[in-house]
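*Asks:* Starting off with a structure, shown below.
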């Protein structure tokens with residue numbers, strides 16, 4: 001008895017997504033397959049939106065497992081971006097095949113039914129349809145189809161004006177270590193390191209407080225840039241540049257301000273390495289703070305921005321495409337967090353960190369970049385990538401007015417990873433026996449963390465809880481963390497003295513020599529400043545089709561429960577956004593970077 005299937009093909013709603021080529025389809029079910037037939041009569045154009053066809057089979061195919069799509073045409077470069085294919089059987093059952101994938105050339109593609117199947121305790125299907133066509137994915141991203149990268153100006157609070165007015169102030173200097181573009185360096189100081197010999201009986205503040213008593217109360221904090229010590233510095237326009245490896249001591253005062261109280265610009269103490277205090281001359285103290293900000297600029301851009309968001313996101317994305325099929329629940333959760341990442345990193349390699357890239361204009365440019373990245377990889381740990389662990393390890397759980405922590409922890413906690421993965425993985429053995437999942441994490445461990453067990457990165461997943469934590473970390477890194485360390489670059493670096501990319505003179509070896517003229521002569525030259533400013537300005541732009549954390553444009557989940565959890569997640573994000581907006585109304589300096597409505601889904605800029 002013949003069976004008819006209504007096939008609806010959805011093409012993505014974006015420029016050049018359609019195709020004039022002929023499209024052929026095969027339906028594959030448990031009882032057999034349909035003939036490989038052309039969709040539509042004569043010449044049919046698959047434009048944006050949906051088109052419905054009838055596929056007639058000689059017999060019922062049973063439960064549908066997958067479809068086989070093939071695009072044929074003389075115009076080999078006529079790419080096509082189908083969103084999904086829905087097939088309704090004669091008994092009324094609907095099967096959904098998510099695609100969201102560029103199809104190029106005359107090539108056969110297999111796509112599973114969206115729900116997937118657990119067979120032999122593993123989410124799987126015949127090996128012939130496990131191919132994710134990574135080559136096609138790369139081909140699109142690296143092609144000339146960059147039309148979606150048109151930039152539009154950000155209509156937002158112009159923080160750079162505030163920075164220009166307040167950059168000299170100690171309170172604002174300290175504020176940036178909590179809520180600036182690099183909130184990753186400061187930690188509570190319980191014992192002063194011997195290399196930083198600040199007198200323990202040092203008195204500061206109007207209340208005649210001593211360093212010893214305030215440290216016992218937990219009010220002393222430290223930023224140590226030892227990772228920069230000995231990094232080979234760059235030569236710009238024929239002039240040697242300089243980079244400090246400072247230590248900065250902070251005191252949380254009675255107004256809950258994080259105030260700098262001592263700065264040492266080199267790691268090894270000595271007579272030629274004075275400790276600077278707020279009581280020193282205006283320009284001695286300002287110069288010391290500026291060397292710190294230059295060091296922070298270099299470490300922020302190469303470690304906390306480039307390595308820990310861009311390059312890690314690339315590792316996650318490539319391993320995802322190589323190891324997990326499209327119907328895998330982890331693939332469905334994470335694929336939206338990889339959008340444009342490979343493309344933007346390809347551009348960054350050519351335009352920013354190449355031998356002629358913009359980052360040759362930072363102090364650590366050239367060989368210094370490689371040294372600093374190598375050290376950064378060696379010092380990176382799993383716990384430092386998970387914001388709850390990182391905040392605890394740095395002793396910052398109760399620091400007031402720490403909005404990066406407040407908003408970041410709330411975002412981490414409302415990520416819906418547990419609800420989704422516990423729906424698919426009822427027991428730990430299901431995780432242990434998922435070969436595709438284990439291959440994914442093993443490749444990340446080997447290629448992203450260079451088999452370094454000391455990082456704490458899992459080599460395999462044993463429990464559902466381990467899987468949930470790791471996937472949450474990936475989601476947070478690719479979305480919230482990147483936004484936190486990226487979107488404020490022009491805000492805080494737009495006024496160059498607040499974050500110089502390089503310094504033209506070595507750190508001072510004695511006090512009492514600095515004045516306005518010597519301060520200005522230490523800052524980067526005009527050409528370097530202009531190029532760096534242009535770069536950080538672009539980093540604060542947004543693509544015309546930017547997608548935010550609450551947006552699920554592509555419907556990868558087909559089952560009712562995960563689709564419901566998506567809506568719950570969206571409601572939680574909206575609620576958090578309102579809370580942040582309400583808090584920011586009362587702040588002189590609003591912290592907006594982790595407002596969910598402004599957090600981009602992926603590392604796409």
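Glycine is no exception: its Cβ is also placed from the backbone N, Cα and C atoms.
Pasting the relevant annotations from TrEMBL:
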type    : residues           : note
BINDING : 18, 78             : Ca(2+) binding site
BINDING : 305, 310, 482, 605 : Fe cation binding site
DOMAIN  : 3-117              : domain 'PLAT'
DOMAIN  : 166-605            : domain 'Lipoxygenase'
SITE    : 102                : site 'Essential for stabilizing binding to COTL1'
*Asks:* Could you give me three numbers for the domain 'PLAT' (3-117), the DSSP helix, strand and coil residue counts?
*Replies:* 0 helix, 60 strand, 55 coil
*Asks:* Taking Cα atoms as reference points, which of the recorded positions 18, 78, 102 is nearest to residue 305 (Fe cation binding site)?
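*Replies:* So, of the listed recorded positions, the one sitting closest to residue 305 (Fe cation binding site) is 102.
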*Asks:* Just to confirm my parser: what is the rounded mean pLDDT across the domain 'PLAT' (3-117)?
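*Replies:* Computed over the domain 'PLAT' (3-117), the mean pLDDT is 89 on the 0 to 100 scale.
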*Asks:* Provide, as an integer number of angstrom, the distance between the C-alpha atoms of residue 605 (Fe cation binding site) and residue 78 (Ca(2+) binding site).
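*Replies:* Distance (Cα to Cα, whole Å): 27 Å.
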*Asks:* Just counting, how many other CB atoms are there within 10 A of the CB of residue 310 (Fe cation binding site)?
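*Replies:* Result for residue 310 (Fe cation binding site): 21 neighbouring Cβ atoms inside 10 Å.
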*Asks:* Report, as a single number, how many Cβ atoms besides its own are within 10 Å of the Cβ of residue 605 (Fe cation binding site).
*Replies:* 20
*Asks:* Where residue 18 (Ca(2+) binding site) and residue 102 (site 'Essential for stabilizing binding to COTL1') are concerned, what is their Cα separation in Å, rounded?
*Replies:* 10
*Asks:* Rounded to a whole angstrom, what is the C-alpha distance between residue 102 (site 'Essential for stabilizing binding to COTL1') and residue 482 (Fe cation binding site)?
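*Replies:* Computed Cα spacing between residue 102 (site 'Essential for stabilizing binding to COTL1') and residue 482 (Fe cation binding site) is 26 Å.
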*Asks:* Around the Fe cation site (305, 310, 482, 605), what further same-chain residues have their C-beta within 8 angstroms of the site's C-beta centre?
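*Replies:* After dropping the recorded site residues, what remains is 306, 309, 313, 344, 485, 486, 539, 603.
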*Asks:* Where residue 78 (Ca(2+) binding site) and residue 310 (Fe cation binding site) are concerned, what is their Cα separation in Å, rounded?
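*Replies:* For residue 78 (Ca(2+) binding site) versus residue 310 (Fe cation binding site), the Cα atoms are 31 Å apart.
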*Asks:* For residue 482 (Fe cation binding site), what residues in its own chain, 6 or more apart in sequence, show a Cβ-Cβ distance under 8 Å?
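*Replies:* Sequence-distant Cβ neighbours: 305, 309, 310, 313, 600, 602, 603.
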*Asks:* For a quick check of packing: other C-beta atoms within 10 Å of the C-beta of residue 78 (Ca(2+) binding site), how many?
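*Replies:* For residue 78 (Ca(2+) binding site), the 10 Å Cβ neighbour count is 16.
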